[in-house]
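Undergrad: Questions regarding the structure given below will be posed in turn.
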Amino acid sequence: YYDGDVGNYYYGQGHPMKPHRIRMTHNLLLNYGLYRKMEIYRPHKANAEEMTKYHSDDYIKFLRSIRPDNMSEYSKQMQRFNVGEDCPVFDGLFEFCQLSTGGSVASAVKLNKQQTDIAVNWAGGLHHAKKSEASGFCYVNDIVLAILELLKYHQRVLYIDIDIHHGDGVEEAFYTTDRVMTVSFHKYGEYFPGTGDLRDIGAGKGKYYAVNYPLRDGIDDESYEAIFKPVMSKVMEMFQPSAVVLQCGSDSLSGDRLGCFNLTIKGHAKCV
């Protein structure tokens, strides 16, 4: 799922989140000829009704209403919804959220209809967004909304997160259910978002259905594979999901300006 307009959105000068990269990714697909091996769809723009299947009504209403030119009227709400610094107000903010969410929800629907085995949304993976607040460059949690869609047809859904940051927004959403297992491999210790301790394992019905693998700086391909393979094999064996959602964050690659892992593209790809 890809919309050519998604690369036009701009978080602002100096901000590390650059939607323009999504366009670059699409261009790589075209130039490598990979597009011949897949079907490319333009996602629908997810509406507020779809977003409020998880997010609170007042939060989504706020995202729909706020613009750079009316920010001053919303200063109290901006604080309440954690919008401002890491998650700035920019032109077309809500449309960006609509495209990002639309691609992930459409992917889930495609899988539910058994029209494909694998669906990818280049503009998705915004795993830090919470029910009623923005966090870590993320406003609407497209992953949670896609998993909720998958749960209509699948008894058990597995979520795997190989971004360098803990997948806190997704874990929080499904922390008390045994129908979604969340597994996150991430840098831990004085690092955003500060959650994802080994001892965080879920609660209530969801106890033992949250798996966290905290890591230190500098992990390389060999070490990462040595933990990823056995952990995921055991998870697959025990949980037996009928659908798998992978958040494929590339900030765990060596050289990322916010990351500090030492993975190559090959090592990262092996996990996929």
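Using N, Cα and C of the backbone, Cβ positions are placed for all residues, glycine too.
A TrEMBL annotation is a machine prediction, not a hand-curated record.
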Undergrad: Quick one: which of Asp86, Asp251, Asp256 does TrEMBL put in the divalent metal cation site with Asp163, His165?
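TA: Record check against TrEMBL: divalent metal cation site with Asp163, His165, extra candidate from Asp86, Asp251, Asp256 is Asp251.
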Undergrad: Using the centroid of the Cβ atoms of Asp163, His165, Asp251 as reference, list every other same-chain residue with Cβ within 8 Å of it (recorded divalent metal cation site), in sequence order.
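TA: So the extra residues in range turn out to be Ile164, His186, Gly249, Ser252, Leu258, Gly259.
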Undergrad: Return the single residue from the binding-site residues list (Asp163, Asp251) that has the minimum number of other CB atoms within 10 Å.
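TA: Among the binding-site residues Asp163, Asp251, the sparsest Cβ neighbourhood within 10 Å belongs to Asp251.
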Undergrad: Just the number: how many Å between the Cα atoms of Asp163 (divalent metal cation binding site) and His128 (active site, proton acceptor)?
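TA: So the alpha carbons of Asp163 (divalent metal cation binding site) and His128 (active site, proton acceptor) sit roughly 11 Å from each other.
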Undergrad: Averaged across the domain 'Histone deacetylase' (15-271), what pLDDT does the model get? Just tell me the whole number, please.
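TA: Over the domain 'Histone deacetylase' (15-271), the predicted model scores a mean pLDDT of 98.
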Undergrad: List, in sequence order, the same-chain residues at least six positions removed whose CB sits under 8 Å from that of His165 (divalent metal cation binding site)?
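TA: His127, His128, Gly136, His186, Lys187, Tyr191, Phe192, Pro193, Gly249, Asp251 - these are the non-local Cβ neighbours of His165 (divalent metal cation binding site), listed in sequence order.
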